[in-house]
Structures are given as C-alpha cells and as structure tokens.
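> Mind looking over this structure? Questions follow.
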C-alpha cells in the first residue's frame with residue numbers, strides 16, 4: 001500500500017531521476033451537483049529544478065459528489081503519472097499525490113485493506129461508497145512509485161490553489177453543459 005508521509009508535500013530527490021508532485025482537487029456544486037476535477041503536475045529533477053509542468057481539468061458529465069470528484073482527480077493524476085516520460089524516455093522515479101481530501105487520503109492509505117478484508121464493507125457493516133472508483137484507483141496505483149500527502153486546502157500553496165481554481169471552473173462548466181444554475 002502506498003505510504004503517507006508526514007513530511008511537507010515535497011518529494012525526496014532521487015539522483016538523476018525526475019520526480020512528480022501532483023496536486024489534485026475535486027469540486028461539486030451543492031455536493032451532489034455539477035462537478036469537476038483538476039490536477040497540477042510539477043516535475044522536478046534531482047537538483048530541485050522544475051523541468052516540466054502540466055495541468056488538466058475536466059467537467060463532469062453528470063451530477064456527482066465532492067468525494068467522487070476528488071477521487072476522479074486522483075485517478076486521472078495517477079493515469080498521467082503512469083504515462084509520464086522525461087525527454088529521455090524515462091518514467092518518473094517517484095510520484096507524490098498531494099491532496100486536501102481527507103476522504104481520498106485516508107481511504108487509500110488506511111481504510112482500503114479493512115474494506116477489502118470485510119468484502120467491501122465498512123466496520124459498521126454498511127457497503128463502502130464509491131467502490132467502483134476505489135477499485136480503479138487501486139488498479140491505477142499498481143506499479144507506481146507512489147506516496148500520498150495531505151495538504152491543507154486554501155492555505156496559499158500555489159499549486160494546490162491552482163488545482164482548486166481549475167476544479168471549481170470545471171464544475172461551473174459542467175453546470176453550464178447540464179443547464180443547471182451554478
């Protein structure tokens with residue numbers, strides 16, 4: 001299971017290798033409403049120099065919850081990381097997902113083993129919500145040199161703020177596409 005470092009959202013240098021720091025966010029207007037997600041990728045070399053930057057956002061195709069939007073952001077970030085290659089054709093040496101979603105972070109790093117052991121049931125016996133996305137997240141993480149970090153939302157971190165801004169704009173686009181007032 002990927003680790004959950006307690007250190008700041010800063011991937012450790014790996015000599016001669018590129019590491020990715022990916023900031024994710026999801027947004028749902030009304031929290032079961034039009035949704036969107038986004039991620040911001042910063043690729044850093046062994047000396048700490050930013051060598052690449054990438055952002056992506058997507059408007060949801062239907063109404064959704066904030067948790068599902070957060071999960072979609074993490075899933076798409078992992079899929080990007082899996083396909084990422086340096087100009088020399090090398091994959092990332094490490095991938096750190098920085099999220100402000102306690103649900104995604106704890107779900108992936110702490111709760112999944114128990115849920116699976118109980119046949120996708122929570123400790124109270126209720127079915128786990130969003131099982132479809134949890135399974136997709138697990139599949140996407142397979143083989144990635146992945147760690148997770150909780151970042152405080154709306155704390156002024158530039159990449160996290162940018163992901164938040166992109167996710168909200170995507171949710172507003174979804175509202176317009178679905179003809180739902182934002």
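Quick reminder: no glycine exception, Cβ is built from N, Cα and C everywhere.
Note that the structure is predicted; figures quoted are calculated from it, not measured.
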> Taking 25, 132 as the options, which does TrEMBL list with 70, 100 at the Mg(2+) 1 site?
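Looking through 25, 132, the residue TrEMBL assigns to the Mg(2+) 1 site is 25.
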> Sort out for me which one of 25, 70, 164 has the most neighbouring CB atoms within 10 A, since those are the binding-site residues we care about.
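Counting Cβ neighbours within 10 Å, the top one is 25.
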> Beyond 25, 70, 100, what residues of that chain have CB atoms within 8 A of the centre of the Mg(2+) 1 site's CB atoms?
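Once 25, 70, 100 are set aside, the remaining close residues are 24, 26, 27, 69, 73, 99, 101, 104, 153, 163, 164, 167.
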> Other than its own, how many Cβ atoms are within 10 Å of the Cβ belonging to residue 100 (Mg(2+) 1 binding site)?
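Result for residue 100 (Mg(2+) 1 binding site): 21 neighbouring Cβ atoms inside 10 Å.
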> CA-CA, which of the binding-site residues 25, 70, 100 lies nearest residue 164 (Mg(2+) 2 binding site)?
25
